[in-house]
Amino acid sequence: MDMEVDEAISGTSSSRLAPIEEVKPTPKQIKRIAAHSHVKGLGIDTETQEAHYEAAGFVGQAPARTAASIVVDMIRLKCMAGRAVLIAGPPATGKTAIALAMSQELGDGVPFVPLVASEVFSNEVKKTEVLMRSFRRAIGLRVKETKDVYEGEVTELSPVEASDNSGMGKTISHLVLSLKTAKGSKQLKLDPSIYDSILKQRVEVGDVIYIEANSGIVKRVGRCDVYASEFDLEADEFVPMPKGDVRKSKDIVQNVSLHDLDIANARPQGRQGDVSNIVSQLMTPKKTEVTDRLRSEINKVVNEYIESGVAELMPGVLFIDEVHMLDVECFTYLYRALESPMAPVVVFATNRGTTTVRGLGDKAPHGIPPEMLDRLMIIPTMKYNEEDIRKILVHRTEAENVQFEEKAFDLLSKVGAEKSLRYALQLIAPARLCAQTCGREVIEVEDVDRCTKLFMDRGESLKKAEEEMRQPKNKK
C-alpha cells in the first residue's frame, strides 16, 4: 500500500513541474578586526630559540618575546605553576599582544583566562571571590575514563506508549532503539528519560550515536557517511559507520576547569558515580559565592583522581591586565593563592612607573607592594621607534585590507612617531571612510590630514584643557 502511494506521488510529480525557487546564499559571516588580530604568535626561531625582529605579526620587542617564550616552555613542562610574571612598559608597547601571543603558543589544551583588574571590584561578589574564580578557571583537568558504551548507526527509533493509570492519557513506557555497526546490530530497550535527550539532540534514523551504559548519557556523533550523497540544506558532519560490536569499551577524554566543577557541584543534578556525570552537570554560572568547604571537597576528589591516574592536572595562565588597579587586600590574597598547591601561572601587565599602591597610600614601583615584586619575574618592554611603528602600521593595514597612497602612509607613520602608535592606528578606519566618501578606495594625504584635524590626540586634548583652565571665567 505504501509502495502504491509512493508511485502515485512520483507520477503526479513527473506530470507537473515544480515551481522554480531562488536559493538565497547564506550571509557571509563578518569577521571582526580586533586590536591584535594581526598577532599570530611570538615569532620564535626554532633553531636559535630567539625572537625574530619581525615575525608572526610582531615587530620589535625581541628580548621581551624571547623571555615570554621561555615562560611558555616552562608552562608546557609544568614547572612554572604557582609563579608570577610581570610585563611592564610604557603604553602601546605590546604588553597585551605578548600575553595574547603566549596563549596562542600554548594552544587550546592549556587554559588561558584574561582579566582586567577593575573587574575584581563588584557590589555582589567579594574581591577575593572574583580572584579565586579566575584562579580556578585557569586550572584545567583532563579526565580520562574507559566506559562501557553502545555505539552505532540508528536504524530504528520507536517510542512505545502505554496507558496512564492517572487518566491523563498515554505516556511513553520505553524506547526501542536499534543500532548497527559494520560487524552486527543490536536492539535496545531504553528508559523513557533517554528519549528526551534524543529529542533535544534531534537524533534520527541514519545518525551515529553512542550511549553510556552506566549513566545513559546520549551523544550524537554525526550523520553516517552512507547518506553523504543526499541533498540536505543543513550542513552536517558525516562520520563513518562504527566498526566492531555495538557494545564496546571506549576511552573518553574530557577537559574541564576546577571552576566548572565548583559550579556543577553547587547544585548537583542527575546521577552520581563517575567524573563524566559531574562534567555533564555544568550549568550557567551564578553570581553567588561557592563555599570554601565545597572547594576543599572538590580538591580532595580531584587529588584522588590524579593519584589514581584517572585525571591529569593542567595548570594554565591567568592574565591580569592593569595590575596597578588592584588594592592591598587583593595583593595580600594573591600571596597565599600563589603558594597553594593548585595554582596557575599568573601574568601581570602594567604601564605605570612609580605610583601609589591602592589602599596603602605608599608609593611603589608599578603600584605593586614590594613583597609582591620580590615574587615576580619582570619582563620589560621598550618604546617603538619610527621604523617599528611603520612596520606595525603595514601589518594593520593588511589585516584591515586598507590601501594607502605612499605619501599618505608616510604621513600616518609620522603621526604615529610624533604622537602615539594607538592614535595612528585609530585613524586608519576614519581615513578609509573619508576616501570612500570621495569615491576612492585608496587613501590619500588629504584623507589622513582631514582626520588629524577632526580627531585630537591625547597631547592636543590635554593642551586644550589646560588653556581653558587658564582662561578667566566670566562673572554673571
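Placement of Cβ uses the backbone N, Cα and C atoms for every residue, glycine included.
Taken verbatim from Swiss-Prot:
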type	residues	note
BINDING	G89, P90, P91, A92, T93, G94, K95, T96	ATP binding site
REGION	1-23	region 'Disordered'
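If you take the C-beta of T93 (ATP binding site) and look for same-chain residues 6 or more apart in sequence within under 8 angstroms, you find Q61, N351, T381, M382, K383, Y384.
Highlighted in sequence order, N351, T381 have their Cβ within 8 Å of the centre of the Cβ atoms of G89, P90, P91, A92, T93, G94, K95, T96, the residues recorded for ATP, and are not part of that set.
In this structure, of the binding-site residues G89, P91, G94, the smallest number of CB atoms within 10 A of the CB marks P91. Every protein chain considered, the tally of other Cβ atoms within 10 Å of the Cβ of P90 (ATP binding site) stands at 15. The number of other CB atoms found within 10 A of the CB of K95 (ATP binding site), across every protein chain shown, is 27.
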